[in-house]
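Beneath this line is the structure, given in C-alpha cells, with notes to follow.
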Amino acid sequence: MSDYRHNFDSSIAQLFDEQSRDSLLKLMMAITLVTFVPFGIKNFVIGEPLLGASLLIFELSFITELSGLFYLRRSLIGYRIPLMLLVISLTLNVWGLGIMSTFWVFPIVIALALIIPFKDAILANGTIVMSCASISLLHMDWDVAMRFILAMIFCTAIAHLAVYKIAQLQERLRELSIRDAMTGALNRSQLDILLERAIDNQGVSSTIAIIDIDHFKQVNDLYGHDIGDEVINQLVALIERNTRKLDRLFRLGGDEFLILFEGTDATSAYRILNHITRKAQMLNCPPNAKVTLSIGVAECQASDKPELWMKRADNALYCAKHNGRDQISCAERAWGLNGVEEWTS
C-alpha cells in the first residue's frame, strides 16, 4: 500500500512487514474505539466536555485517516493531525483527571515509537513527557510525581532504544540476505528484479557484463583458497572503484560476476570494462602472476527477458573463453544473425 508507506514508513516503522503493520493499526483502531469513545462520552456525562471532545475528535481523525489508507488506498488528512490531537487529548486528561489518566501515557508512548517515523515519535513523546511531567508536579504529591516522571522517562527511552536497535538489526539481516558475505557484492536474489527494472526502462540503454577470472582453479590449486579469496576481494574492490554507484555488481558464484550498467550502451560499457581488465593485470595477488579476465557483454533489447538477456551475455562469455580468454566479447545487437562479435582487450 504505497500511501501507507508514505505516511507511516521509516527506518523504525520497518519492524513489521506491510501486512503486519496493517494488522497492528487495525488492532489499535479497534482498541481506541472501545476505550476512547466510551471514555469520551463518560467525560461529557461527568461534566468534562473539553476532555470528552478532545478524545472523540482524536478518534474521529484517527479512524478517518486509517479508513482512507485501508479502503481508499490514499491518505485523507495525514498522520500528524491525529498525532497532534492525541498529544493534546492526553495532556488535557492528565490535567483534568490527574493520576487516574497517567496510566495511559505508557502504552501510548510505546505505540508511537512503533508506528510513526522516528523524528516525529521523538518529538511527540518528548512533548508528552514534558507536559505530563509539568502537570504532575503541579497537581500531585512530590514523591508520586517524581515516581511517575522517572517511570515515564525510562519507558519512553527504553521503547525508542529497543525499536531503534531492532530496526538496525533487521536492516543488517536484510543486507546479509541480498549480499555475498565475503565480497559485499549483491547476490542473485536481487538480480531478476533489477534486470526487469532495467528492461522496463524504455528508451534508456542498459548493458550487462558477465566476468570470469581466467584459470581461477589453478590459482586455488597453486596458491591455496585463501589467496583465491584475496584475488576475488581485490577484483571486487577494483570493479567498485572503476564503476559508478548506479552500476550494480553481483556475484553469481565462485569467480563469476555480473555488472549491470544502467543507462549505458555496450560501447560505453566496453570502455569501462577494458579499463578494468588492464587494471586487473596489475593486481598484486597472487604473487608473480597476472590476473586476466574473460568478459561477455550484452546490451538490453526491447524484447528481452532477464533469462534471455543473461543467456546472450553468457554466450558472449563462452566466445571470449573459446577464442583464447583475456578478452571481451559482445553479443550481436541483431540477435541470432552471426552469434557474437569480438572485442579484444
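Heads up, the Cβ atoms here are built off N, Cα and C, so glycines get one too.
Annotation source TrEMBL lists domain 'GGDEF' at 204-333. For 24-45, 51-71, 83-116, 122-140, 147-167, the entry in TrEMBL reads transmembrane segment.
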Cβ contacts under 8 Å made by the transmembrane segment (51-71) with residues that lie 6+ beyond its boundaries: 1, 3-4, 7, 22, 25-26, 29, 32-33, 36-37, 39-44, 77-79, 81-82, 85-86, 88-89, 92-93, 96-97
Cβ-Cβ under 8 Å with the transmembrane segment (83-116): same-chain residues at least 6 beyond its ends: 8, 10, 12-13, 15, 21, 24-25, 28, 48, 50-51, 54-55, 57-58, 61-62, 124-125, 127-129, 131-132, 135-136, 139-140, 144, 148, 151-152, 155-156, 159-160, 163
The domain 'GGDEF' (204-333): DSSP-derived helix, strand, coil residue counts: 57 helix, 30 strand, 43 coil
Positions whose Cβ lies under 8 angstroms from the transmembrane segment (24-45), at least six residues beyond its ends: 8, 16, 51-56, 58-59, 62-63, 66, 69-70, 111, 114-115
